[in-house]
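Now, the feature entries from TrEMBL:
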DOMAIN    1-188  domain 'CNNM transmembrane'
DOMAIN    278-338  domain 'CBS'
TRANSMEM  6-27  transmembrane segment
TRANSMEM  58-80  transmembrane segment
TRANSMEM  100-118  transmembrane segment
TRANSMEM  130-152  transmembrane segment
Amino acid sequence: MDTYQLTMILVCLIFSAFFSGTEIAFVSASKLQIELQSQQGKLAGRILAFFTQKPSRLINTALVGNTIALVIYGIFMASVLEPWIANKLPENLNSQSTVVILQTLLSTIIVLFTAEFTPKSIFLLNPNNLLSLLAIPMIIIFFIMFPVVWLIEQMSKFIILFVLRQPYSEDRQVFGLTDLSNYIKQNTRDDIKKTKVELDTKIFNNALEFKTVRVRECMIPRTEISAIDIEDSVEDLKTEFIESGHTKILVYRESIDDVIGYCHVLDLFKKPQDIGSMLTPIIIVPETMLANELMIQFIQERKSLALVVDEFGGTSGIVSLEDVIEEIFGEIQDEHDEDEDWVEQRIDEDKYILSARHEIDYLNEKYKWDIPEGDYDTLGGFILSITESIPEVHDIIKHGLFEIKVVSMEDARIDNVLFIYNPDQED
């Protein structure tokens, strides 16, 4: 083996590794990050955006370049291995077919290890950064090989359109929620201002998920509604305003399932004679309605309160514009809100006293418990979905890795529970 042959073999393996790695990096890279780099005016970003607009430009260039490199590699490798293998084989096995088979096996193993598996694994570790470093060499190679790549692309189109009779299209990259979410995670891991970044990230993620949030997920439940009968007096209404601290009180006829509107505390200054004279109509929406659709309706109709009904038309709860906005920005505290003092106390390792009002999402996010999700939002709802009846104090509910003991009840509502997490039971 002379120096020239060895040099050509190494150069071909390097080019093959380069094309293989670039191809896999391009396929797995964040196209959103590439687009952002392009919008920021970075040269590498603009080059990579040129390729993402039509991915076949880079893919075909990489395939053609890799093929040429491997063909040349095969020629030189054959000239090196053939005499070496022939000299090493015993006479009874020293045939042309045996030499070709062994030569092919050795060449293939070297290519797979040095120009396929290894470079692809390396490029997958940080595809976007490596693509940025190799963007300029790749665009130069693209223009050098453009005639060959263009010819192969036209031949492929011809076969697809006229032989296979299939439509040929190359859609432009469209960014989705997954792209945005992944980009946020990748770019906030090592930020110095961790607390602020986590808050901003949570708001951004809430905004991304907002289009899937249903009204039932942000409503105030039926049991917490402040309401009054239409036949009650204005003095009763004043008392209800004072005791509840709310600025709006629902008005019903005979039953809370027959809500006919609401009264605003400011209407008391008009000195009404009865509740009916200060009644304001209320929007009625199903609990399955999307929160973003309700927000649009609030804005269009200039309303801020809606009655939520179930599939049978019964009252499920109420939802305000503030409740909907809180789905994005988190809890908004105003002068009429009472401080939530829900119990959350750790009494031993994996043992907690918790209010049943805590939301499942909050508990799973904070404690990594993986409580199953369903047609409920709170821990109390999770318990009821298991028992399918109203539990009593001291009742113990077991489900998977969880053991829950009811500590206190408030009428028919679960108040506080002893929550025990048993990770040792996990298979």
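Any Cβ shown, glycine's included, is placed from N, Cα and C.
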Quick one: do the transmembrane segment (100-118) and the transmembrane segment (58-80) reach 3+ CB pairs under 8 Å, ignoring pairs fewer than 6 apart in sequence?
yes
Cβ under 8 Å, sequence separation of at least 6 from the ends of the transmembrane segment (6-27): give me the contacting residues as numbers and ranges.
51, 55, 58-59, 61-63, 65-66, 69-70, 72-73, 76-77, 80, 110-111, 114-116, 118-120, 122-124, 127-128, 130-131, 134, 137-138
Secondary structure composition of the domain 'CBS' (278-338) [DSSP: H/G/I, E/B, coil]:
21 helix, 17 strand, 23 coil
Along the domain 'CBS' (278-338), what average pLDDT does this model show?
80
